[in-house]
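Participant: Per Swiss-Prot, the features are:
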- 3-61: domain 'TRAM' (DOMAIN)
- Cys74, Cys80, Cys83, Cys160: [4Fe-4S] cluster binding site (BINDING)
- Gln284, Tyr313, Glu334, Asp382: S-adenosyl-L-methionine binding site (BINDING)
- Cys409: active site, nucleophile (ACT_SITE)
Amino acid sequence: MNKVKIGEKYEVDITSMGHEGEGVGRIDGIAVFVKGALKGERVIVEIEEVHKNYLKGYTVKILEKSQHRVNPLCQYADRCGGCSLQHLSYKGQLEYKTQKVKDNLERIGKIYTKVHYAIGMENPLNYRNKGQFVVGEIGREKITGFYSFHSHEIVPVDNCLIQHPLSNKVVSVVKEWLNECDISVYDRKKGKGLIRHVVAKVAFKTGEVMAIIVINGEDIPCKEELIEALKEKVPGLKSVILNINTRRTKMILGNKNIVIYGKNTIEDFIKDLRFEISPLSFFQVNPIQTEILYDKAIEYAGLTGKEVVIDVYSGIGTISLFAAKKASFVYGIESVKEAVEDAEKNAQVNGVKNVKFIWGKAEREIAKLYKEGVKAEVVIVDPPRDGCDKEVIRAIVGINPKRIVYVSCNPSTLARDLRYLEDAGYRTVEVQPVDMFPYTYHVESVALVERM
């Protein structure tokens, strides 16, 4: 029986690191996950949570320090939930993420294959092209920032080091406007108040900026004052949008957008392809590493110009359009109608003719294409964090492609899905992690899977 109690302190050797970047050790044989500790350290831990098979705690004192421990660059690092690895050197982060992918593949999928060292960034700061800031209030002062780790407590952040400087500027202007006009902010417990979030999107290649004000209503007071302040202080401002979200939900954006200044999209490039980005568009948040990620995906696809490719979860068509350059024909399948419409526009803007985007459930559309005589040699999948639905994987296996390229943002669901593919007669040739999210525990990977 677990005799450890909340509030007790223990000396613990940290032998590994967990899924969210926490240190992992043992107390009387029970695993303890320690916030703020690193592999190789000996620390004093105070227990915060006691569960049947594991414990959670935080670092009170470091007795023996890791060679990879550094002082955080960010002043909010110990409170903000955005970055969990500010205290780990960048080399240490890349080693952790490489090992994380390897461990997940072996532990969950029983897959033993070549996992390459994670590809990192030369400058792992200011890399995000999208910032989503929550709005709150301390006393009478309106604040903007991020939630604390696993909490709905808002940490006020004036300058986020992983955001593009123009995103920080947008939020600074909006916060000033909120206070000057004394506009109500949303209270998630009561479901009342007007301003919920500020979302800033920045196109790295073109410098265009979109400011999105998420509101619990249909309009805002002092609208002209906001527009004028943003125009004056934000270089490259092309769009100011009200996003209507009146539901009591954790979702940041609602489905309705009202343009109050400029246009409804901004434009950016990935390599030489141009993309229109709308308020609801999914676009990889790290444009520098996205080029590396997509280059690796296309390399793994092994295209010679003769192949038919099916791109599953194709979004706004980014990977499909890159594949179309080297393939005979590409079919992109996506369940979100607006994303398909954006993808079609992007194909048109870039003059890409050998691609077709299909709106529908992937498992159904894959089977339909097969019945119509489409023989795909290569399938590319880029699913959300939950991984591929079982029906989708069955449908992919059912059309018997020679190669599958799996782009993953979650090593655990990647491991699960690769196990299914291996049981169905495929083998995982190699996996390349790419660090899309420096200073966080997230890691993207590309896996090459071939028919045996």
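Glycine is no exception: its Cβ is also placed from the backbone N, Cα and C atoms.
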Participant: Check Cys80 ([4Fe-4S] cluster binding site) against DSSP and tell me helix, strand or coil, would you?
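Facilitator: DSSP call for Cys80 ([4Fe-4S] cluster binding site): strand.
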Participant: Measure between the Cα atoms of every pair in Gln284, Tyr313, Glu334, Asp382, the residues the record assigns to S-adenosyl-L-methionine, and report the largest value in Å, rounded to a whole number.
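Facilitator: Maximum Cα-Cα distance: 16 Å.
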Participant: Centre the Cβ atoms of Gln284, Tyr313, Glu334, Asp382, go out 8 Å, and tell me which other residues of that chain have a Cβ in range of the S-adenosyl-L-methionine site.
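Facilitator: Neighbours within 8 Å of the Cβ centroid, excluding Gln284, Tyr313, Glu334, Asp382: Phe282, Asp311, Ser314, Gly315, Thr318, Ile319, Pro383, Val407.
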Participant: Need the DSSP three-state call for Glu334 (S-adenosyl-L-methionine binding site) to compare against my parser.
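Facilitator: Looking at the DSSP assignment, Glu334 (S-adenosyl-L-methionine binding site) belongs to a strand.
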Participant: Cβ within 8 angstroms of the Cβ centroid of Cys74, Cys80, Cys83, Cys160: which residues besides those meet this for the [4Fe-4S] cluster site?
Facilitator: Tyr76, Ala77, Gly82, Gln86, Phe146, Val157, Leu161, Ile162, Tyr439
Participant: Filter the binding-site residues Cys74, Cys80, Cys83 down to those whose C-alpha lies within 10 angstroms of the C-alpha of Asp382 (S-adenosyl-L-methionine binding site); answer none if the list is empty.
Facilitator: none
Participant: Which chain-mates of Glu334 (S-adenosyl-L-methionine binding site) that are at least 6 residues away have a CB under 8 A from its CB, listed by sequence?
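Facilitator: The answer is Tyr313, Ser314, Gly315, Val340, Ala343, Phe357, Ile358, Trp359.
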Participant: Could you state the CA-to-CA distance between Cys74 ([4Fe-4S] cluster binding site) and Cys409 (active site, nucleophile) to the nearest Å?
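Facilitator: If we compare the Cα positions of Cys74 ([4Fe-4S] cluster binding site) and Cys409 (active site, nucleophile), the gap is 25 Å.
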Participant: Let's see if you can do this one: DSSP helix, strand and coil counts over the domain 'TRAM' (3-61), in that order.
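Facilitator: Per-class counts: 0 helix, 35 strand, 24 coil.
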